[in-house]
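Engineer: Relevant sequence annotations retrieved from Swiss-Prot are reproduced here:
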BINDING   Asp8, His10, His42  divalent metal cation binding site
BINDING   Asp8, Val9, His10, His34, Ser35, Asp56, Ile57, Gly58, Thr132, Thr133, Asn134, Glu135, Arg142  4-CDP-2-C-methyl-D-erythritol 2-phosphate binding site
SITE      His34  site 'Transition state stabilizer'
SITE      Thr133  site 'Transition state stabilizer'
Amino acid sequence: MRTGIGIDVHPFAEGRKLVIGGVEIPSAKGLDGHSDADVLLHAVSDALLGAAALGDIGLHFPNTSQEFKDIDSMILLKHVKKLLDKEGFRIVNIDAMLLLEAPKIASYINEMRKNIARCLGLELNAVSVKATTNEKLGYIGREEGAAAHAVCLIQVKP
């Protein structure tokens, strides 16, 4: 068994869609980044890559490459799954936490879980997504950005 942790942060920007966990959420601002800036999927991807000792998303999907400009992060997560499969790993579970002040996303969490589970070939009960605010503290509290943390457990396939 191996564990991995992933953390990602993106600032908010005008004129961008807000996509978290593969779900487009109505918002005046979206997250800024080279890809679609899906902070949740980036943290999950980093956790999985770390658990398998395969580096991080910056190594596999550099923000200097036009190939990944505005790419759907679900495509990146699918590629991460293929890398783990190739190395002989099976994903046991994922636990993730979103940190953002606004918008409120509780009504979207189950859809995020379903998207991640479907993408990774997991049962829904193997994917946990939670959200919290930063109690108005720091850049998250000032609604300047959002962050996500993810932990995963993987094992070598029998």
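Note that Cβ sites are derived from N, Cα and C of the backbone, with glycine treated the same way.
Just tell me what is around each of these and how deep it sits.
Structural biologist: Residue density at His10 (divalent metal cation binding site): 22 other Cβ atoms are found within 10 A of its Cβ, drawing on all protein chains shown.
Taken residue by residue with DSSP, Thr133 (site 'Transition state stabilizer') is part of neither helix nor strand, so it is coil.
Residues near His34 (site 'Transition state stabilizer') in space but far in sequence (CB under 8 A, at least 6 apart, same chain), listed by position: Asn63, Phe68, Lys69, Asp70. When secondary structure is read from DSSP and collapsed to three states, His34 (site 'Transition state stabilizer') falls in the coil class.
Of all Cβ atoms in the protein chains displayed, 15 besides its own lie within 10 Å of the Cβ of Thr133 (site 'Transition state stabilizer').
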Engineer: By a 10 A CB contact count over all chains shown, which of the binding-site residues listed here is most packed: Ser35, Thr132, Asn134?
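Structural biologist: Its Cβ has the most other Cβ atoms within 10 Å: Ser35.
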Engineer: Would you mind ranking the binding-site residues His42, Arg142 by how many other Cβ atoms sit within 10 Å of each Cβ and giving me the lowest?
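Structural biologist: Counting other Cβ atoms within 10 Å of each of the binding-site residues His42, Arg142 gives the minimum at Arg142.
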Engineer: From the Cα of His10 (divalent metal cation binding site) across to the Cα of Arg142 (4-CDP-2-C-methyl-D-erythritol 2-phosphate binding site), what is the distance in angstrom?
Structural biologist: 13
Engineer: Taking Cα atoms as reference points, rank the recorded positions Asp8, His10, His42, Thr133 by distance from Ile57 (4-CDP-2-C-methyl-D-erythritol 2-phosphate binding site) and give the first.
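Structural biologist: Closest by Cα: His42.
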Engineer: Who sits close to Asp8 (divalent metal cation binding site): which same-chain residues at least 6 apart have their Cβ under 8 Å from its Cβ?
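Structural biologist: Long-range Cβ contacts: Val39, Leu40, His42, Ala43, Asp46, Ala147, Ala148.
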